[in-house]
Amino acid sequence: WGHPCEMCPAQPHPCRRGFIPNIRTGACQDVDECQAIPGICQGGNCINTVGSFECKCPAGHKFNEVTQKCDDIDECSTIPGICDGGECSNTVSSYFCKCPPGFYTAPDGLKCIDVRPGFCFSTLSNGRCGNQLPQPLSKMQCCCDSGRCWASAPAAAPEMCPIRSTDEYRKLCTVAAVLPARPELPPARPDIIPPPFFPGVQPPPHPEIIYPSRAPPIHPIVPVNLTDYCQTFRHLCRNGRCIPTPGSYRCECNKGFQLHGREECLDIDECERNPCVGGDCMNTQGSYVCQCRIGYQSTATRTECR
């Protein structure tokens with residue numbers, strides 16, 4: 001106010017941070033930050049606590065303390081030796097390996113397996129490989145069964161198979177025999193993005209990490225008598241408009257939100273009606289976007305795949 005500018009005096013708030021007066025009793029009650037703050041814990045699961053909240057990030061994500069959101073982990077740049085022999089492609093929540101000709105992606109998605117036919121030897125004596133088998137076998141078929149040496153070509157020098165129970169043997173031979181079916185996703189909050197699924201690729205498990213928010217500062221609790229709640233408390237009716245009524249207030253919700261009870265505007269999950277034909281629907285606060293599959297193009301509003 002004024003010239004030169006002076007700061008206005010701070011208005012005392014009747015409740016400490018994380019609490020708000022009850023419109024009927026005036027007593028301080030907990031604020032559900034998960035509903036009150038738009039975009040909080042985006043990409044993860046927000047859990048309300050007394051006076052605060054926690055963010056629970058899904059697999060393949062990490063919590064960003066600055067933005068208070070769950071960011072996707074780029075496994076391709078963070079996991080050493082990923083997709084050995086091939087090319088790693090990052091995806092939301094996961095990744096997959098693109099393997100060169102003669103290789104295929106392991107069911108766990110972690111590596112490229114050499115399936116090129118070669119020559120298998122069943123004996124090893126005094127450092128010399130012998131007893132070449134007549135049928136061509138891949139290195140995995142040879143060494144993970146009864147072979148002792150393997151060669152990629154007739155003129156190539158045979159290489160020894162890894163010794164059983166070593167890390168090198170497990171790396172070559174530990175492959176799921178049968179692909180697990182895609183598990184059905186349990187009902188969850190609409191802002192949690194399920195990991196994408198690629199045939200022959202299972203995303204690796206990641207631990208779920210809970211990050212508590214910083215403890216709020218404590219302010220004294222004082223009783224208050226109000227006539228216009230909307231003017232006194234500017235943060236009522238998040239995602240909507242506060243309309244004063246005699247001794248109380250009501251909420252009119254923004255587009256993409258619906259009234260829950262009398263005081264909260266909750267996001268509508270548009271993905272429940274499957275609007276993204278040819279793509280995957282991702283719910284957002286007040287709207288949604290379509291992540292289009294190969295062969296489909298997104299519209300300018302990202303609400304349709306053509």
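Cβ atoms are placed via backbone N, Cα and C, with glycine included.
Counted with DSSP, the domain 'EGF-like' (30-71) comes out as 4 helix, 18 strand, 20 coil. Taken from TrEMBL, the feature domain 'EGF-like' covers 30-71 (among others).
The domain 'EGF-like' annotation in TrEMBL covers 72-113 (among others).
Under the heading domain 'TB', TrEMBL lists 118-173. Here the domain 'TB' (118-173) is broken down by DSSP into helix, strand and coil counts: 12 helix, 19 strand, 25 coil.
Annotation comment: TrEMBL describes 226-266 (among others) as domain 'EGF-like'. For the domain 'EGF-like' (226-266), the mean pLDDT of the prediction comes to 78.
The domain 'EGF-like' annotation in TrEMBL covers 267-304 (among others). Residue counts for the domain 'EGF-like' (267-304) by DSSP state, with H, G and I taken as helix and E and B as strand, are 4 helix, 14 strand, 20 coil.
As annotated by TrEMBL, disulfide bond applies to Cys271-Cys281.
Over all protein chains present, the Cβ of Cys281 (disulfide bond) has 20 other Cβ atoms lying within 10 Å. Over all protein chains present, the Cβ of Cys271 (disulfide bond) has 17 other Cβ atoms lying within 10 Å. Secondary structure of the domain 'EGF-like' (72-113) per DSSP, as helix, strand and coil residue counts: 4 helix, 18 strand, 20 coil.
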